[in-house]
Structures are given as C-alpha cells and as structure tokens.
Amino acid sequence: MFLKAVVLTLALVAVTGARAEVSADQVATVMWDYFSQLSSNAKEAVEHLQKSELTQQLNALFQDKLGEVNTYAGDLQKKLVPFATELHERLAKDSEKLKEEIRKELEEVRARLLPHANEVSQKIGENVRELQQRLEPYTDQLRTQVNTQTEQLRRQLTPYAQRMERVLRENADSLQTSLRPHADQLKAKIDQNVEELKERLTPYADEFKVKIDQTVEELRRSLAPYAQDAQEKLNHQLEGLAFQMKKNAEELKARISASAEELRQRLAPLAEDMRGNLRGNTEGLQKSLAELGGHLDRHVEEFRLRVEPYGENFNKALVQQMEQLRQKLGPHAGDVEGHLSFLEKDLRDKVNSFFSTFKEKESQDNTLSLPEPEQQREQQQEQQQEQEQEQQQQQEQQQQQEQQREQQQQEQQQEQQQEQVQMLAPLES
C-alpha cells in the first residue's frame, strides 16, 4: 500500500496525545505524506491517485471525535474530505508546473547575483556562522535540560522502588494493603514527571523558530543590494528556506514529545506489573521489586541517550539547508529539487485557510442561530424581565392610588375642620 508511512504518521498523532479538535497541521501532514509516498513524479501520482485511501486516512483523524456528540467535528469532516481530495488532485497536477516556475525563478535570481557571486557566497557563509552562534546556547541548554530532567526523573522514581522493597520486608502478611498505595503513587509519579519533562524540553523548538526568522531576515537584507529588480523572487526563495527550517523545528518538538510518550509507555507497565503481582506469591513479587529499580534506570537512560543529540542534529540540518541555498544561488547550481518545499508550503497555507474560514463561519452561525437550549434560556429571561416590569408598574400604580387616597383624606379632614370652625363662630359671638 502507498500509505504505510501515513499510517505511521497517524500512529504518531495518537501516541503524542489526542487533541480536543482535529487540527489543520494534522490534516496537512496526512495529505503531504500521502502525496510524498505516491511518487515524486506528478504524472505517476495522478495515475495512482486513489481518493478512497486519502479519504480513509482523513476519516481516521475524526474517529475518536465522532464517538462523542460533537457537531463541530462532524460538520468539519463533511466539508473537509471533498476539499482535501480536490486539493490533493490539483497538487499532483500542478507539481510539474510549479517545478518549472521555480526553475525559471532561480535562473533569474542567479543571473542577477552572478556578477557578485563571491560576495553572495561570503554573505551566506557569514549568515551560517551567525546562525550557529545564535543556536549554540539553546542547543547547549537543551542538552543540559535533557540530562537534568532525566536525572530528576530517576531520583523521583527510584525511591518508590526502594520504599516498596522495604514495605515488602516489613509487611509480608498484608502485602496488598501495604503496597497498593505505593504502586498507585508510582504510576501517578511517572505520568507527572513525563509531562513535566515535555514541558521543559519542547519550548526550545519555539526559541529556535524565533532565531530562524531573525537569521533569514538578516540574510534578506544582506543580499538585497545584489538582487536589483529580482528582489521579490529572492524573497520567495528565502520564504521557502524559512519554511523548511521552521518545519525542522516543529519536527524537533514532535520528536521530543514522541520520545517522552514512548518513555511513559515503557515505564507505566512497570507500575502496572507491580499492581498485578500483588495478587501473586511473595517470592515472585520480591523478584519483581528487586528488578524494578534497574528497569527504571535503564529506560530513563535510553531516553537520555536518544534525545540528547536532537539539538545538535537539528543545528546540522539547518546549516545543511543554508548550504543548499548557497548552492542554488551559485553559478554552478545543478538541478535542485527545490519546488517540493514550496508545494508543501502552499498545501499547508490552503489547509490553514480552510480551517480559519470554517471556524469563522461556524462562529457566525452560532451567533445568528443559537442552540435550542440557549434560545429557550433567552426566552425565559425575556419573559422574566417582562413579568418584573409588569410587577413594577403595578407597584407604581398602587403607590399612586395610595397617595391619592391619602390626599383625599387630608382634604376631607381640612373641610371638616373648616366646617367646625364655622359652626363655633356664632356661639363665640
């Protein structure tokens, strides 16, 4: 099947943790991996294009979401699949066309830079060295954090194994009651420490992306005087470079996260085994506890050895991409397959635009047509306000009536007093 690599991509998505929603990046990754696995030749890609397979891969992203009552995911899936298959077909057909456009663009840029070939090569070389200087502190920090966090993880987990061995010796008659809380705590501690490890390590990828933007912008300014009227085409090439370099940063983050999840999957069964062995005999449990500390140390050390070189390998990849740019812009450039990065960038931009438009429309629809329970709630509030207004009006009317009655009583009293005065006046005379 063409999609073995895509299946691995979906598995990686599952390993790194399900998100609240299917993201544009996940969809774009599935589509690009599918296209890459078909063929690097556009004609062959069109001939072997099987929409049903791409549809299956996209639907797989929604399986967990549709298990819930999730109207948003269902609507997104209905609109996304036709859009994605159409975009994919157009992608395959436009590949050769884009390749020719990029070739012509490079030829024009090279022609403009040719009289200054030595200066351009020197500027790119200086930029490479500046990039290395920018990244080196962060690479060192990443390596230090890997060592620090793994050592902290080891220190956090090892005492649980030692404590459980001690409890086993002291409470042989009540193993389940005594050891189960410690086994549960070990499981919780594994989850907590792996999450903290990811939170400490993955932000470095974002720092790298900031430095990449700075480096590419400085390179653009340094080459601008030599580009003359080909500046726009040079900028386009630099955009492709920045896209590829930042893609490496995203892949670095994904690899760190995936390695941390793999560590969790290796450590979690150790705690589960302890809980399972509580129902067995004391001798088997004692053997498992004796081996627990060694298993913890080995898995943590394997993680450290695997992740420690990630930063250095990332730096090497960026330097290599800068050198490839120098080769593409040089006078002796060969047939460089540079169009694929632009093709992927275009795909991701279109998928992001689709998601943004869909979410904006969804938000507008929700504003114009509220869900039925919310409509009922608003109607109830309006009715309550009307009732309160009516009650207030009734109270005001009652107050007015009382005031009128009081005024009438006062007037009657005044009239009676005047009549009494008039009746007494003749007697006094």
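Keep in mind that glycine also has a Cβ here, set from the backbone N, Cα and C atoms.
Sequence annotations record features per position, and here Swiss-Prot assigns compositional bias 'Low complexity' to 381-420.
The feature region '13 X 22 AA approximate tandem repeats' is assigned by Swiss-Prot to 33-330. On the 0 to 100 pLDDT scale, the region '13 X 22 AA approximate tandem repeats' (33-330) averages 82 in the predicted structure.
What Swiss-Prot lists as region 'Disordered' is 359-429.
If you look up Swiss-Prot, you'll see 33-54 marked as repeat '1'.
Among the features that Swiss-Prot reports, repeat '2' is placed at 60-81.
Feature annotation from Swiss-Prot assigns repeat '3' to 82-103.
Using DSSP to sort the residues of the repeat '4' (115-136) gives these counts of helix, strand and coil: 22 helix, 0 strand, 0 coil. Residues or ranges marked as repeat '4' by Swiss-Prot: 115-136.
According to Swiss-Prot, the feature repeat '5' maps to 137-158.
Residues in the repeat '7' (181-202) partition by DSSP class (helix H, G, I; strand E, B; coil) as 21 helix, 0 strand, 1 coil. The repeat '7' annotation in Swiss-Prot covers 181-202.
The list of residues near the repeat '8' (203-224) in space but at least 6 beyond its ends in sequence, with Cβ under 8 angstroms from a Cβ of it, reads 113, 120, 123-124, 126-127, 130-131, 134-135, 138, 141-142, 145, 231, 234-235, 238, 241-242, 245-246, 249-250, 252-253, 256, 311, 314, 318. Annotation comment: Swiss-Prot describes 203-224 as repeat '8'.
Taken from Swiss-Prot, the feature repeat '9' applies to 225-246. With DSSP classes pooled into helix, strand and coil, the tally for the repeat '9' (225-246) is 22 helix, 0 strand, 0 coil.
For the repeat '10' (247-268), the residues of the chain that approach it from at least six positions outside its boundaries are 12, 15-17, 25, 157, 187, 190-191, 194, 197-198, 201-202, 204-206, 208-209, 212, 296, 299-300, 303, 306-307, 310-311, 314, 317-318, 321, 344, judged by C-beta separation under 8 angstroms. Marked as repeat '10' by Swiss-Prot: 247-268.
For 269-286, the entry in Swiss-Prot reads repeat '11'.
With a threshold of 8 Å between CB atoms, the same-chain residues lying at least 6 positions outside the repeat '12' (287-308) that come near it are 143, 146-147, 150, 153-154, 157-158, 161-162, 164-165, 168, 201, 256, 259-260, 262-263, 266-267, 270, 273-274, 277. Annotation source Swiss-Prot lists repeat '12' at 287-308.
As annotated by Swiss-Prot, repeat '13' applies to 309-330. Among residues of the same chain six or more beyond the repeat '13' (309-330), those with a C-beta under 8 A of the stretch's C-beta atoms are 106, 109-110, 113, 117, 120-121, 124-125, 127-128, 131-132, 135-136, 138-140, 142-143, 146, 204, 208, 212, 237, 241, 244-245, 248-249, 252, 255-256, 336, 338.
Per Swiss-Prot, the feature signal peptide maps to 1-20; the stated evidence is similarity to another entry.
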